[in-house]
Structures are given as C-alpha cells and as structure tokens.
Amino acid sequence: MTSAVPLLSRWCRATLAARKKLTHKAEPAFCKGIWWQCVRSLAALSNGPETGDMRGYLTSNYKEVKRSINEELVPSVSSSLLNPDAIFANNEMSLEDIEVYGFDYDYTLAFYSKDLHTLIFNTARDLLINEHRYPKEIRSYEYDPNFAIRGLHYDVHKALLMKIDSFHYIQLGTVYRGLNVVPDFYGKSSEGNTLKQFMDIFSLPEMTLLSCVNEYFLKNNIDYEPVHLYKDVKEAIRDVHVKGILYRAVEADIERYICYGERTQAVLSKLANLGKKMFLITNSPSSFVNKGMNFIVGKDWRDLFDVVIVQADKPNFFNDKRRPFRKVAERGILLWDKIHHLEKGQTYKQGNLFEFLKLTGWRGSKVLYFGDHIYSDLADLTLKHGWRTGAIIPELKSEIEIMNTSHYITTVTWLQGLTGLLERMQVYRDAESQMVLQDWIKERQEMRDLARKMFNRQFGSIFRTDHNPTYFLRRLSRFADIYMESLSCLLNYDLHHTFYPKRTPLQHELPVCSEQQNTGTFRIPLGKEMAQIK
C-alpha cells in the first residue's frame, strides 16, 4: 500500500469544493476543522508500507502533508485575516442593553508612550541606590521594553521569573533567573504565597528591574536574600507613584507621555451624543487626571461624565463599605460636607461601590465598566455586582498583527500538521521509524520555539503557551465579557451590536466548523469587513 496522503488530500479538496459550491462561499480561514481532521487522520487510512521501507513510507507521508498544507491550507488561512481593531467576546453581550459606561483612567482613557516605563524603571532604580543602599553599579542597567510581558509569575524565594499556563504548569524555556534562562525548568508551579503574578501594564518595569538587580548580584557572586530584593523593588516602584514622582513628570511633559488622545475623545463624544451615562473611577489623583483629560478631551471634559471619582483605592473601593465619598474642590481642596448626591461636573475622592450604587442606582447588567487590570478593575464587579466588563489589552493589536503574517501562518499550520503526523505515526515502534519520529519531535520543538519568539524572545505571547492558554488569559476569560486593544475599537460598532463568543471545540469534540461559518456569518470581524460595521 502506498501513502494515504494523496487520497486524503483529494478527499479534503473535494469536501471543501463541495461545501463552497453549496454555500457559494470560500472557506473561512478559521474554519479549519476538515483540514486538521485530514492531517490528524492520516495514519488511520493506512496499513503501512508493503515493502517494509519505513523511512521511505514516513518521509513520503511527511512530504505530502507538508505540500498539501503549504499549497492549499496556508493560502486559505491567509485569505481571511483577523482585524486587530475588532472586539472579542468571552460572553454574549448586547450593547443595546448597556445604559451606563464606566472607565478606569490609566491605560483605558489615557494611553502612555514607552517613555513612561523608562521613567518608572530609572526612578525606581535610583531609589534603590539612594534610599536602600544598593550598589551604584546597577545604574548601568537600562530599561528594555522587549524583555518581559504582562501576566508572568515571580517566585519570591527562588528569584525566578516564569510563564505559567492555565493549568498551573510552567512553560518550558520561559524561566529566568536574572536576565538568563534557566534550562530544563518545567513542571507544576508551586502553591502558596511564594508566587506573585504581575498583571498590570505598570508592572513591566518592575519585572525588568527585578531581573536586572538579580543579574548584577549573580554575575558578581554577591550573596543576597531574594525576598528582601523583591520587597525593596516593590517598595521603590510603589514610591514612584505614592511620592508623586510619576505624576509630576507626566504633568510637566504631557505631550511626551500621553498618546492617542483623539481616539479616546471620539469614543466619549459618541457615547455622550447617544445619551449614555458615563462615569470615571480611578486610583490616580485629581490634578493628574484633570491635566490628562484636559489634554485628551479639553477643559470641559467633566461635562461628558455624570460621576468622577479619583484616588478610589481599587480594589478596596469595591469591597470596603466604611469609606465615605469626599468632594474635591478647586486646587485639590477636600471638603468636609456629607455627600447626599453625586453631582455632574464635580470630582469626588475615595468612597466605596456600595454607596456609589445607592446614590446612582446603576446596578447589574445595564452597566459596562472598562479597565486594564483584570483583578483590580474587573474581578469584583463581575463576581459580586453583576456589571458587564470590558478589558483593555494594548498588547492585543501587535499580537494579532504578528498572527496575520505569512511567516506565523506558515509556521503554525505546519506545526499542527507535524503534530498530527506524530500522533498517528507513533504506532510504528521499529528502530528505523523511531529515528524518523525523533527527528520530527526535534523539528516540532524548533517550530514551537520559533512561533513563541515571534511575540517575545523570552516569554512568547501573553495569551498562550505552546498549546494551552496562559494563566493570564484564563483570568481574562473569567472576568471580562469582552476585550479589545483600546476603547477606540468601539467606534467600529453601532450601539445595537451584539457580541457573540466564538464556539471552539473541546478536546473530546470533533473539530468541525462552528455554526457561525455554517450560516455564512463571521462573529469575529475580518480585516476587509470592518468598514461594513462602522
């Protein structure tokens, strides 16, 4: 019997051609179930070679699968690319049901340039030297924006920075001590308080500073306590905020640090013109928010918001009933009046969500709140208060743009095909076959490393490990109904739009096309279609 792949490939083409004839549509890129079924069913149609030439038989199957993928599947996938400005849904949600829109400030209404992370890193590094007596030689380390990614975990006692998947397993090749990888470190992550996760965007300079100081101590054979280092770096990063260093620097050079202001203004104006209620709850101080919003929207920015709350101390704001609101007068003066109403055009400090709900009546699923921090901004609102939530993930756009490249598509489709070959051909246990399979395993690992490094050379994508979602994505899926790169993605949709989550097959389900393709519709807007929904 000869290779089963030509027969299988002809069956695939015939099946897809018949489907195209019936639906009058080309096969969408993400409807790949039939193709993966073809690849992964390869050996099932074969009884093995008649001649006993196992190497030739396996090589023939390998070449034919690779040819079919490169000539037929890759062009199909490349014809329908995702738009990085789309909104993606974890839960079904209709904007028609939303009456009230709430926002965080930092990295939600205000987006910052990379200069801000350099400022945080340099300032915290100097605080370590000047106030914690760390060696002045660490001043030679500069901030590297390409080192860390959001969502990493740090083992406080072992000084290890690592990437963990949704099943709490450490991804191989992503454990770093200092600035160097720790080889062959893999397995179930440790439990308890030893691991700390870095979830917000402001944590990127903190992770980099931790790694740089660890690197200095390791290179110079200096004995140190990792727990003390972690606490000192954490305190230095906190002081950059608490002591007002960051706020003063941004206010003094706002054009350098804040970007994309016109996009935020367009979203707020659209919602206001359609009669939606809006509020702002942020941990940032009043003067900082005021100067930023003056730059982004204009001096009348408060007219857009029904309620403005600063220095809210989230996530405590969502849980602590004891703290009352306090009105902020001009120049930041705090008034002692008891608050009976939250007035439009005024600014309030602290408070708590329970009093907020009582004074506004904005409860349940008619409220949609946007923030960038999955825990501090979104978790309690989803779990305890029933608000709908939207996560702002600035990294999303660049990751989708990478996934849309021909290099990534070719790499990942072949990785899937090679995995299918390995899965089916592992039944051949003779020495010659095992040599071929070991070569395939090595190539598969190379493909996985290549795909990972397209996003970040050290840690890969913030959304997935080699074959599982990351721990970060697991929490994002749990606490955010929708997620997007920025608020400006809302401009691509009218306010009657319903977001539907994409049906994905479970491990025990057939990889058939989801109902969205069977009905000829796309639930995730493609790049060439976005103009039609504006």
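Cβ coordinates come from backbone N, Cα and C, glycine included.
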Figure out which of Asp337, Asp372, Asp380 sits with Asp104, Asp106 in the Mg(2+) site per Swiss-Prot. Asp372
Under 8 Å by Cβ from Asp106 (Mg(2+) binding site), same chain, sequence gap 6 or more: Tyr112, Phe202, Thr282, Asn283, Ser284, Asp372
At the level of the C-alpha atoms, what whole-angstrom distance separates Ala236 (substrate binding site) and Asp104 (Mg(2+) binding site)? 24
If you draw a 10 Å sphere around the Cβ of Lys234 (substrate binding site), how many other Cβ atoms fall inside it, taking every protein chain shown into account? 16
Val242 (substrate binding site), Cβ-centred 10 Å count of other Cβ atoms over all protein chains shown, is 11
Near substrate: residues not in Lys234, Glu235, Ala236, Ile237, Arg238, Asp239, Val240, His241, Val242 with Cβ within 8 Å of the site Cβ centroid are Ala124, Leu127, Lys243
Do any residues at least six apart in sequence from Asp104 (Mg(2+) binding site), in the same chain, have a Cβ closer than 8 Å to its Cβ, and if so which, in order? Leu280, Ile281, Thr282, Lys314, Tyr369, Phe370, Gly371, Asp372, His373, Asp377, Ile392
Among all the protein chains here, how many other CB atoms are within 10 A of the CB of Arg238 (substrate binding site)? 13
